[in-house]
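Below is one structure, written out as structure tokens, with a few remarks after it.
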Amino acid sequence: MGGYELVRSDDAAAGGGPDLESGANSSKAAAPPSPSPAARQPRLVSLDVFRGITVLLMIIVDDVGGFVPALNHSPWDGLTIADFVMPFFLFIVGVALTLAYKRVPDKLEATKKAVLRALKLFCLGLVLQGGFFHGVHSLSFGVDLAKIRLMGILQRIAIAYLLAAICEIWLKGDDDVDSGLDLVKRYRYQLYVGLVLSFMYTILLYGIYVPDWEYQISGPGSIEKSFSVKCGVTGDTGPACSAVGMVDRTVLGIDHLYRRPVYARTKECSINYPENGPLPPDAPSWCQAPFDPEGLLSSVMAIVTCLIGLQFGHIIIHFEKHRGRITNWLIPSFSMLAVALLMDFVGMRMNKPLYTISYTLATAGAAGLLFAGIYSLVDVYGFRRPTITMEWMGKHALMIYVLVACNILPMFIRGFYWRDPNNSLLKFIGVGA
């Protein structure tokens, strides 16, 4: 999610950055001598702009989504603008990895550094989204380890980053690249990994038997209320009986899942659908059950999104001309969108909480089209001034996410108040009022 510092290898950086204008075929050209830091090639500005746009979209979704349903996540099946944020970040990480690992002199050392970076990002996610901070309205902090949320946005990105980095470090061919088909052949083992993960996910999603299950929540007066959910099915993709939810409940434990499930805004669970609201009188028993939208099984397809980003990054490395790069981005992007729409039409619905294959293809295709458009405007035609703000946000994406999206900055400001905790600067600017 962050800038190149999050995904670049020091060894790769020592070999020089990518030549964005020539895009010389690295399989045919001799490696140039390592330049000094001041002489390194420029960053891929369009990627920074793309990342900055995604950060801005994330902030808008977090702040406005509760009031504008079109900017909030879909309660279950279907897509809204908000549902593109996570896949866009994963796609960007994949593209950046190809630039970071363009040349890897020491594969073992690069792998160790990738593992360390992934662990740092995962641990940061545990602190930020595990429940340690209690929100803008509270000056307290701390979390019960028996109920800490184990998965989250940064944890998912860390997992996808690590698997994609290992693929990029170890699974490269040495075939010459003169066309898109040559590119497929050179990186065929990475594509095999993506296909195997997709096949495994599909088998588990539709093949795992989901039994009946129970859960407890705290009611008024800290009284524990128990609910029983009837399932006993295979291949169900609804909120109550999906294999995605069952895997998380079994492996992670229901106490370690997200406690504000997105399906609480479905028709069955909210009288204010598609917004949050009181439960209907006949609400099903699963409406208040914890469910993690960044769970284990759904993260399998998140890895695939990152691998798709890798393939788009390879096009930058191996193709000289802007026209060749853009053409080789547009063809797979439109193809993925077409396949996704067909899958959705035949019943394999686009669904973010489950991270279905159709959702993966649709969002990756959209990311490819948007990236090609931004690349054309920024890196080809040089529209830098209109996008300078987005470029800055893209370079500092992780910092912005931590301070703004995770409310660390508002909580810090709220910590300084006049006599009463409610008399803080946030009150005067309308935050937390």
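Placed from the backbone N, Cα and C atoms, the Cβ positions cover glycine too.
Feature annotations, courtesy of TrEMBL:
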{"type": "REGION", "residues": "1-40", "note": "region 'Disordered'"}
{"type": "DOMAIN", "residues": "43-166", "note": "domain 'Heparan-alpha-glucosaminide N-acetyltransferase catalytic'"}
{"type": "TRANSMEM", "residues": "49-72", "note": "transmembrane segment"}
{"type": "TRANSMEM", "residues": "84-102", "note": "transmembrane segment"}
{"type": "TRANSMEM", "residues": "114-133", "note": "transmembrane segment"}
{"type": "TRANSMEM", "residues": "153-171", "note": "transmembrane segment"}
{"type": "TRANSMEM", "residues": "191-209", "note": "transmembrane segment"}
{"type": "TRANSMEM", "residues": "296-317", "note": "transmembrane segment"}
{"type": "TRANSMEM", "residues": "329-348", "note": "transmembrane segment"}
{"type": "TRANSMEM", "residues": "354-378", "note": "transmembrane segment"}
{"type": "TRANSMEM", "residues": "398-417", "note": "transmembrane segment"}
* Given the transmembrane segment (49-72), which of the listed stretches 84-102, 153-171, 329-348, 354-378, 398-417 has the most Cβ pairs that are under 8 Å apart from it? -> 84-102
* To do: Would you report the average pLDDT that the model assigns to the domain 'Heparan-alpha-glucosaminide N-acetyltransferase catalytic' (43-166)?
  => 89
* Asked: Looking at 84-102, 114-133, 296-317, 329-348, 354-378, which one has the highest count of Cβ pairs under 8 angstroms to the transmembrane segment (191-209)?
  -> 296-317
* Contacting positions for the transmembrane segment (114-133) when only residues 6+ beyond its ends and CB under 8 Å are counted -> 6-7, 9, 141-144, 147-150, 152-155, 157-159, 161-162, 165-166, 169, 402, 406-408, 411
* **Tertiary contacts of the transmembrane segment (354-378) (same chain, 6+ residues out, Cβ under 8 Å)** => 45-47, 49-50, 53, 79, 83-84, 87-88, 91-92, 95, 198, 201-202, 205, 237, 242, 244, 298-302, 304-305, 308-309, 312, 322, 325-326, 329-330, 332-337, 339-341, 343-344, 348, 384, 387
